[in-house]
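Noted in TrEMBL for the protein shown:
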type	residues	note
DOMAIN	1-373	domain 'Amino acid transporter transmembrane'
TRANSMEM	20-41	transmembrane segment
TRANSMEM	74-93	transmembrane segment
TRANSMEM	113-130	transmembrane segment
TRANSMEM	142-164	transmembrane segment
TRANSMEM	176-196	transmembrane segment
TRANSMEM	208-231	transmembrane segment
TRANSMEM	251-279	transmembrane segment
TRANSMEM	291-311	transmembrane segment
TRANSMEM	317-337	transmembrane segment
TRANSMEM	357-377	transmembrane segment
Amino acid sequence: GIFVLGLPYALLHSGYGGLFLIILAAALCCYTGKILIACLYEENEDGQLIRVRDTYEDIANACCKKLSPKLGGIVVNVTQVMELIMTCILYLVVSGNLLSHSFPYVPMTEKTWSVIAFVTLLPCVFIKTLKIVSKLSQLCSLVHFIIILVVMTYCLTQIRQWSWAKFRLSIDFQDFLVSVGVIIFSYTSQIFLPTLEGNMKNPGEFRCMLNWTHFFACVLKTTFALTAFLTWGEETKEVITDNLPSFLQTLVNLCLLTKALLSYPLPFFAATEIVYACISRGNHSNYRPPLFALGVRGSFLLLTLLMAMFIPHFALLMGLTGSVTGAAMTFLLPSLFHLKLKWEKLSFLEKCADISVFILGFLCSLAGIVCSIKGLLEVFG
């Protein structure tokens, strides 16, 4: 995702610890993805694993059924939709910013450019299946590799300037926490995993797929962050493409714009599917009237545009939302649900692993919330 472009900046503030964090975050996110999917299955009388739950919501309801049959599902759905909508808003804001910087001679504000980007996303109201989203995501991955290739190729031409002395040994604690957030949230995908696993032709390959994707993601992100940071050192900017020469910046910005627009349908589709599932359950029917479906999708599209145009200090609010929802959906809830549903079948080491992940996720979330609120208080005086 777009967070990858901030990894070199994260290394600037985290030094050698940042390299370790990139590897650790990959391992933890891969682990929580596996235990989350494990919560979808139960053993039958013959000892065979049967998929008895379909969504993150079903897992939450199973854990909270003694307290309240629907409480867990409501909490998870609200958290998921909030994070997905904020992600969609972020893509619109980024699109407006990139268009503004790509065509500075055109007398239009970033908000106007965001509206133009919004118009190109109107066909999203007609997306009905995950297959369409997967094809768009493939194109998004292709564009992302082009961006990474351009940046890394330029960095390799500057290899004579590289120096390991650029890495910090002493770090500022608050800056380090910012780096932790960037690194962790560049891996998060737990929201999509139950739907993804349920749509696979061979769900038995899920764990293998998760291992390989996280391994290659870790290798790519480490290589990218390292080469970029060694090239620019202390001059590394928040978004590494801003360090590129002007003749490359326009090309990369347009690629980033394409990536942002192609990234939008996935969280958009996931959010609308959650809403549809809740409405269908409330009506005790799986029937979705076409006009109603278009109305829900259109409303979501319009909501993301309005919030992208009118929310002030969006980056800080996004950081606050991410610290709450991102850490909860990625670390806290998967480990908590796994302990709750599988306690009797877990080994001592598995229980220790889940508890450790929960504590680590809680500390990261708390630290991120404190830093975000501190930033908001400074902005609002």
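Backbone N, Cα and C atoms are what each Cβ position is placed from, and that goes for glycine too.
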Segment-segment contact (the transmembrane segment (291-311); the transmembrane segment (176-196)) at 3 or more Cβ pairs under 8 Å: no
Contact between the transmembrane segment (113-130) and the transmembrane segment (251-279) (3 or more Cβ pairs under 8 Å, separation 6+): yes
Positions on the same chain near the transmembrane segment (74-93), where near means CB under 8 A and six or more residues out: 2, 56-57, 59-60, 114, 117-118, 121, 191, 260-261, 263-264, 267-268, 270-271, 274-275, 278, 300, 303-305, 307-308, 311, 314, 317-318, 321-322, 324-326, 328-329, 333
Feature contact check the transmembrane segment (251-279) with the transmembrane segment (176-196), CB under 8 Å, 3 or more pairs: yes
